[in-house]
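Peer 1: Positions annotated as Zn(2+) 1 binding site by Swiss-Prot, on the basis of sequence analysis: C70, C72, C85, C88. Among the features that Swiss-Prot reports, Mg(2+) binding site is placed at D460, D462, D464. Sequence annotations record features per position, and here Swiss-Prot assigns Zn(2+) 2 binding site to C808, C882, C889, C892.
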Amino acid sequence: MSDLLGILKQQGQSEEFDAIKIALASPELIRSWSYGEVKKPETINYRTFKPERDGLFCAKTFGPVKDYECLCGKYKRLKHRGVICEKCGVELALAKVRRERMGHIELASPVAHIWFLKSLPSRIGLLLDMTLRDIERVLYFEAFVVVDPGMTELERGQLLNDEAYLDAMEQYGDEFDARMGAEAIRDLLRQIDLEDEIRNLREELPTTNSETKIKKITKRLKLLEAFYESGNKPEWMIMDVLPVLPPDLRPLVPLDGGRFATSDLNDLYRRVINRNNRLKRLLDLNAPDIIVRNEKRMLQESVDALLDNGRRGRAITGTNKRPLKSLADMIKGKQGRFRQNLLGKRVDYSGRSVIVVGPTLKLHQCGLPKKMALELFKPFIFSKLEFRGLATTIKAAKKMVEREESVVWDILDDVIREHPILLNRAPTLHRLGIQAFEPVLIEGKAIQLHPLVCTAYNADFDGDQMAVHVPLTLEAQLEARSLMMSTNNILSPASGEPIIVPSQDVVLGLYYLTREKVNALGEGKIYSSAQEAQNFYEAGHLDIHAKIKIRMPKEDGETGYHLVETTVGRAILAEILPKGMPFDYINRTMTKKVISKVIDSCYRKFGLKETVIFADQLMYTGFKYATRSGASIGIEDMEIPDDKSSIIEHADNEVREIESQFRSGLVTNGERYNKVIDIWSRTNELVAKSMMSKIATEEVTDAKGNKVRQESFNPIFMMADSGARGSAAQIRQLAGMRGLMAAPDGSIIETPITANFREGLNVFQYFISTHGARKGLADTALKTANSGYLTRRLVDVAQDVVITEDDCGTDTGILMQPLIEGGDIVEPLHERVLGRVVASDVYIPTQTEPVVKAGTLLDEEWVEKLEKHGVDQVMVRSPITCQTRFGLCAKCYGRDLARGHLVNTGEAVGIIAAQSIGEPGTQLTMRTFHIGGAASRATAANNIQIKTKGVIRLHNIKTVTHENKNLVAVSRSGEVTIVDEFGRERERYKVPYGAVISAQDNSPVEAGQVIATWDPHTHPVISEVSGRLKFVDLIDGITMNRQTDELTGLSNIVIIDAKQRSAAGRDLRPMVKLVTDEGDDIYLAGTNVPAQYYLPVDAIVNFEDGSLVGIGDVIARIPQERSKTRDITGGLPRVADLFEARKPKDSAVMAEVSGLVNFGKETKGKRRLIINVSEDQCHEELIPKWRHISVFEGEHVERGEIIAEGALNPHDILRLLGVGALANYIVNEVQDVYRLQGVKINDKHIEVIVRQMLRKRVITFAGDSKFLVGEQVEESAMLQENDKLLAEGKQIARGTPILLGITKASLATESFISAASFQETTRVLTEAAVSGKVDELRGLKENVMVGRLIPAGTGYTYHQSRKAKRARAAAGGDSSATHTVTASDVEHALSEALNADNHEH
């Protein structure tokens, strides 16, 4: 009996483990793994196909080829299990032991492990403090190294070439020991006393001053400590014994025709064995030194190739000239072990087929072809047949199924009932790419999909395929039904808006149904109920668009009835409204946006079930009336506006005017270009406006016979207006003008396409169009790949963020304000704070009690309240400020967007964040070419026109008053706000330098008033005092050119680029200063700073030397570069740059301290800018001369203010302005890109990623901790160490947050398994092995790879209970520590989790 149990045990689960450790293997360990030495390079006997003895496939070493059968055939059958055959020496066991038994090769000479030698920084090099180059010379037998100097003057580790060695031999004889090859290196490593070295280095650190030295010592110290603490011995990096992989992991497969297909590893092993055997023979024969050396070098090279082919020298190639795949190649890359087999596996019980539309399905159903169902549910059918006694054995059942007997189909129906299946469409970019449905059996071979889930899957029916998976166990079916069912995923986890929203035909149908028509059949009649109106319509007495009145029950809890004005179509729609839903929700024209809102409110008001039923009904109705409407596209429907030709003619004249100005030298080429582009952009808008007004309305006769205009029933207009398909931009190309096009480099071609598609393009226009079209296709291919890679990096960095506790107890958060851009409120406050938890009480000026208490979760009702009270800023909890050590707390995260209540513990919010940001990335990549590259460039803003009545307030604007009484702004970061009578901010605008402000501070303004204007194409230099202009260093032909125009004789002074000046003008600094008539300097008001203005390259001076200049005059202007088109091409890389925290090229220079600015002595090519904080403290900044410095002498700057313009550097923001400002910057920048494409993502997803980028701290003060100053450590590690130190009453370590890009952050994660499977596998594993790292299996990825439930979602409770058991076992020596979890346990945990999930609904 015990034998039998033994077998079962073998088959069962391997023992449980809680962590995985990786370390260097000692030679003894390698020998203990081995089942025997591999002595011969032979593989199998090609005649008998039996493995050769002592060869690479030896049955004696690795186990039998067939189950329980020895090689010579003496013993067969299970009864001899465990016997070792005396003839062939094979132990009788299962053949699968050939997958786990290892062998070994005893090397005749030690060999260095290439990973520890060549993986930078070289570990062997660091330990010995030798350069990689030197070590390689020793290893590959080019030089001797002194191992033991004895009493000589030589030093340990000194290299000697042949001559030096011979000299030394002559001089000292046998006094010293110098050798070459790996043994020398091994002996050197052996001699290292780790404790001693560590002590010496720690003493040396404080005494050194040189940066490079400190860096080097720190690196070395870290490595030595890693070795010391992990118990690895340095000499183990040199191998005496080479392990041999089990043969079934490097198989040899016979092909037909007597040839064999083999794994490359066999070739590599054969090489090693051949060379090793030859070396042994040479050593036995006492061959000459030089031959032995060569053989040893070749052995070293062959072992290198086996471990990591191509890492050193040329890769060893096989028969067909391709490099052989070494052990390292086996595990790294997309095809490697990690990503191919551990993180992604193929699964059984699955099938795939093409999808077709299933307009009659309910939302929770999908149509499954009978053939597929029969195959997928086979085991269930077999057991049912047996259970019912229709088949005696499984074999008989199999026959019945193959014959497809009628009873089988009945049983299939039975099996399938209420058994959910999973549908997946690749690429699965977010969690809605896999959803569960109940199958409905259908004829045919295509899967039927419900149209409303297409948005989530991003599916269409042009040949897409989908995969079907069957959840087998009860738990899996339960999870599929309660969490993954399509009806449970109505809201998008990215934005919290409905994702089950009708689109395309359905929208068109509902739109058509709810439109009004003037003077339609039956207009003005009154009916007693919607039903009655419907009857009359069906009898043909009413038009569907007729305006009628219907008697309806009152809403808002009132009793009785009232008459409602509506149309017949809306009355039909009212029939499907959920009970209690106000009729005025749908008593309007239904566009896509309206429908989405209705579904959203339905979900919030009535919950899930009603919403699902309602969505389905909407869909059926939409399809029905889209068919009835008969909408189609015809050439006639593209109506070209009558005044198009005159508008274009007018634009042509304007362009001609500008061209002539350019020829007269009044404007530069850059300005001309910008102005031409602006004219054409504006013209395009005008044509579009005129076209839209023509297409959008039509003239009809009303009941009284008067002519009136109504919204038109033009099908093209209806499609765009309803949001079903197409946009105004596309209609503009069909019937307006195509407009400006972008050239391949992204610049705008200044000749627009004036034709549209209905008129047709001429050859030239067609040709310009092809640029955009082709670029679109090329971009799409490239960017899909880029976007996928971005998603992968995001998932990797955020994978272990799980909600682990309810409340971390922090009272900090981030301040939320409405997002204002160019004066428009892009995102109002109530949208931004919805679903967040308030961090501190919210007050309003008129009350002493808080409106909202801290700790409140803001739902729809609360944000309405905030809106009503006009609150314009709220401090909310954020993932960035959450204090939880591992993971996040529910309060800091807030609402689970896909469920609409506070997030549950165990929710994998990191993955969801990564998917939410990555998924639209892939959508965006597809977007560019839809408009065929039509340049979408906003006309440059040149004024501020306000939208609401109020009072104007100027904020930190420095102004001077021009002689015409207008204010001119002479500061950079100024803003104006408009406040209403309650003092609430309504609008906010940035005011650029040089803007003319036509309203005074605190003066009342009206809506529509223009309060500031400026020239968008140039940067002006404004004079702040009046006086005479004096040129300094402006020398004609050296630092400036006079560009005179032949036609007009006007001349402009233009500053020459320093790089193009002659030697004389190289160091001159052109500037203008204002002086009195006597020539004395004039100072800026209230300072001792002279009024002087440095002129940058290309500046155009407006005045001559000595002319009079008034306050606020423009002395010079600097032309701005032409603008490139903004489309998402800038978008995706921009998002990647932000998340990678890359330092932008020519980044803005920010003030390190607050103080007064003045300019110091210049150096070659740079200017010295000094900020004086106080009398004795100042900060210097060197800025290249070509940079545009945006502050003037004597100006006061705040810490973190921009001194020289450029893109902001996130690292600077973090250093100077703190975590809050950085979070704001990254969130807003990322959102800008997505907003441009009309994609909604909730801020918290970006915040979760930012949190992960800020995980590390740089140690600024080490205290009594084990850290070194300047070391980067995980915040959690620092806090844990500090807890320990506090408990012992020692000094704690302090550190400042540091920003890491997502790739760096992923690689710097605590888990080496996760990092190795992400990128740079070799480096990660080398590092982990040296320091003997332990992976606690905290994240999701690690657990997937070891084949466990992930510690998130329903698996979270499982992991928690295991943790608790471990703790109990550790405390009380509990014997049931390794208790296995039973199915009922999991089921119990699951139902608990699901109850927690459902108790809000």
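We number each residue from 1, going along the chain as drawn.
Any Cβ shown, glycine's included, is placed from N, Cα and C.
Have a look at these and tell me how they're positioned relative to everything else.
Peer 2: Sequence-distant contacts (6 or more apart, same chain, Cβ under 8 Å) of C85 (Zn(2+) 1 binding site) comprise C70, L71, C72, K74, Y75, E91, L92.
For D460 (Mg(2+) binding site), other Cβ atoms within 10 Å of its Cβ number 11. DSSP assigns D460 (Mg(2+) binding site) to coil in the three-state reduction, placing it in neither a helix nor a strand.
DSSP assigns C808 (Zn(2+) 2 binding site) to coil, not to a helix or a strand.
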Peer 1: Any same-chain residues 6+ apart from C882 (Zn(2+) 2 binding site) with CB under 8 Å of its CB? Would you list them in sequence order, or say none?
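Peer 2: Within the chain, C882 (Zn(2+) 2 binding site) has Cβ neighbours under 8 Å at C808, T810, L888, C889, C892, Y893, R1251.
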Peer 1: With an 8 Å cut-off on Cβ-Cβ distance and a minimum sequence separation of at least 6, pull the same-chain contacts of D464 (Mg(2+) binding site), or say none.
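Peer 2: Same-chain residues close to D464 (Mg(2+) binding site) (Cβ under 8 Å, separated by 6 or more) are V354, I355, R425.
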Peer 1: Looking only at DSSP and grouping its letters into three states, which state does C889 (Zn(2+) 2 binding site) belong to?
Peer 2: strand
Peer 1: C-alpha of D460 (Mg(2+) binding site) to C-alpha of C88 (Zn(2+) 1 binding site): distance in Å?
Peer 2: 63
Peer 1: Just going by other Cβ atoms within 10 Å, which of the binding-site residues C88, C889 has the emptiest spot?
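Peer 2: The binding-site residues C88, C889 were compared, and C88 has the fewest Cβ atoms within 10 Å.
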Peer 1: Roughly how many Å lie between the Cα atoms of D462 (Mg(2+) binding site) and C88 (Zn(2+) 1 binding site), rounded to a whole value?
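Peer 2: If we compare the Cα positions of D462 (Mg(2+) binding site) and C88 (Zn(2+) 1 binding site), the gap is 63 Å.
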Peer 1: Which secondary structure state does DSSP assign to C70 (Zn(2+) 1 binding site), in the simple three-class scheme?
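Peer 2: For C70 (Zn(2+) 1 binding site) - judged by DSSP and reduced to three states - the answer is coil.
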Peer 1: Which Cβ among the binding-site residues (C808, C892) has the fewest C-beta neighbours inside 10 Å?
Peer 2: C808
Peer 1: Find, for the listed binding-site residues C70, C72, the residue with the lowest Cβ contact count at a 10 Å cut-off, counting only other Cβ atoms.
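Peer 2: Looking at the binding-site residues C70, C72, the Cβ with the fewest others within 10 Å is that of C72.
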